[in-house]
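Colleague: Got a structure here, written out as structure tokens. Questions coming.
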């Protein structure tokens with residue numbers, strides 16, 4: 001009983017961590033913005049023209065994907081937390097339910113963890129390009145240093161959320177295959193009992 005309680009608590013804490021970390025990454029990305037000024041050399045003009053620009057997540061498709069993915073992971077984690085709490089209060093023997101629920105959790109957790117990992121990888125690549133630049137992409141962090149610094153926090157939260165989501169997916173897969181083995185063992189026991197019952201008949 002104590003072991004079951006510890007497993008439930010660990011899974012709940014991991015889901016809670018994934019939810020808050022992905023939500024933090026989402027909010028930081030969406031709310032982060034900075035106004036910057038940079039000069040443009042125009043042919044024929046004696047002096048460069050000073051131009052104002054605003055950096056936010058809507059300027060790059062990768063940032064939109066990152067924000068959307070973090071929102072999906074946070075929403076999914078909240079849904080699973082609600083289901084888990086309902087399962088605990090109802091006195092269900094397992095936080096992941098029966099075979100069908102275990103399959104749904106397994107597929108959902110694997111999808112969420114891979115989506116979170118993909119979003120974290122995209123954010124890391126964008127952070128690198130913003131800092132170092134590329135042949136066709138200037139180092140925008142030169143002009144928007146505060147924006148890049150704050151976005152770095154979102155990248156850290158995204159990777160921590162990925163770690164929590166992967167641990168949740170590992171627990172879900174372990175439970176699913178363990179449940180599958182238990183069900184197979186129960187079926188074999190029923191068959192043996194049926195065979196013994198048939199043999200005992202005169």
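Residue 1 is the first one shown; counting continues down the chain.
Yeah, the Cβs are placed from backbone N, Cα and C, and that goes for glycine too.
Pulled these features from Swiss-Prot for this protein:
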type	residues	note
TOPO_DOM	1-10	topological domain 'Cytoplasmic'
TRANSMEM	11-31	transmembrane segment
TOPO_DOM	32-64	topological domain 'Extracellular'
TRANSMEM	65-85	transmembrane segment
TOPO_DOM	86-101	topological domain 'Cytoplasmic'
TRANSMEM	102-122	transmembrane segment
TOPO_DOM	123-148	topological domain 'Extracellular'
TRANSMEM	149-169	transmembrane segment
TOPO_DOM	170-202	topological domain 'Cytoplasmic'
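Context for these features, please: burial, neighbours, distances.
Modeller: The average per-residue pLDDT of the prediction over the topological domain 'Cytoplasmic' (1-10) is 61, rounded to a whole number.
Within its own chain, the transmembrane segment (65-85) is flanked in space by residues 8, 11-12, 15-16, 18-19, 22-23, 25-26, 29-30, 57, 95, 105, 108-109, 112, 115-116, 118-119, 122-123, 126, 154, 158, 161, 165, which lie at least six positions past its ends and keep a Cβ under 8 Å from the stretch.
Outside the topological domain 'Extracellular' (123-148), and at least 6 residues removed from its termini, the chain residues within Cβ reach (under 8 Å) are 25, 32-34, 36-38, 53, 55, 60, 62-63, 66, 154-155, 158-159.
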Colleague: Treating G and I as helix alongside H, and B as strand alongside E, what does DSSP give for the topological domain 'Extracellular' (123-148) in helix, strand and coil?
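Modeller: Each residue of the topological domain 'Extracellular' (123-148) counted once, the result is 17 helix, 2 strand, 7 coil.
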